[in-house]
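Swiss-Prot annotations:
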- 7, 8, 9, 10, 11, 12, 91, 92, 93, 115, 116, 117, 118: NAD(+) binding site (BINDING)
- 35: NADP(+) binding site (BINDING)
- 147: active site, proton donor/acceptor (ACT_SITE)
- 148, 157, 158: (S)-2,3,4,5-tetrahydrodipicolinate binding site (BINDING)
- 151: active site, proton donor (ACT_SITE)
């Protein structure tokens, strides 16, 4: 399957190019979208990709787009994909309602998956969080996430996704149960998220389930950002023969 990388100058984009250099389980890099000059030397790649700032040409040259960009960039990409539908794997966070609506329109025509975190470990972490939230009905739930000091969004998209998983398991009102700034007593049907920023931490997420006399903590730590690139490529392989739909990352585990 021919892969197009959108957001190639970003941290994950560069890792995607590195993973695709020799081909990844039959995936071939066919196009790279760049707004400015690309620093990557493509002479060592198994296939010479189209490197362009022409969004329509970029989309036409591939069968699946993997996107790790910015919200406005993804919005422009979706407009091009609605004209020329291709499979989409997106890890861009902080999206506006209008962008999500365009994504839903595209999902009527092709398979796509949008996730805040593409690591296989986080996929399993979500399932464990759901089970613990469901079974430990009396436990207070608190989430702590830690990232590098250059991360722009807080709480992280992954932390918000974990919150949604826990709230759904509990049957909480997802719009009102979230607490990111607490003063005074803790309300019973609430889930807190604390965001820490410092150094070069790739990503750490911990969920605490606090009971009387004991507590359980589930934790996931990313020690290398390559897990996000490899995870996205695995998602692309999984979507290849799927029907048109917006898939959830947990569906990969059946």
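Count begins at 1; order follows the chain as displayed.
Including glycine, each Cβ sits where the backbone N, Cα and C put it.
Overlay of Swiss-Prot annotations on the structure.
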residue	record	CB count, 10 Å
7	NAD(+) binding site	25
9	NAD(+) binding site	18
35	NADP(+) binding site	10
91	NAD(+) binding site	23
93	NAD(+) binding site	20
147	active site, proton donor/acceptor	25
148	(S)-2,3,4,5-tetrahydrodipicolinate binding site	13
151	active site, proton donor	14
157	(S)-2,3,4,5-tetrahydrodipicolinate binding site	18
158	(S)-2,3,4,5-tetrahydrodipicolinate binding site	24
Residue among binding-site residues 11, 116, 118 with least C-beta crowding, 10 angstrom cut-off: 11
From 35, 147, 157, 158: recorded positions whose CA lies within 10 A of residue 9 (NAD(+) binding site): 35
Candidate binding-site residues 7, 11, 116, pick with smallest Cα gap to the residue listed as 'active site, proton donor': 11
Where residue 147 (active site, proton donor/acceptor) falls in three-state DSSP terms: strand
Distance [Cα-Cα, Å, rounded] between residue 158 ((S)-2,3,4,5-tetrahydrodipicolinate binding site) and residue 7 (NAD(+) binding site): 19
Recorded positions clustered about residue 7 (NAD(+) binding site) [Cα within 10 Å; pool: 147, 148, 157]: none
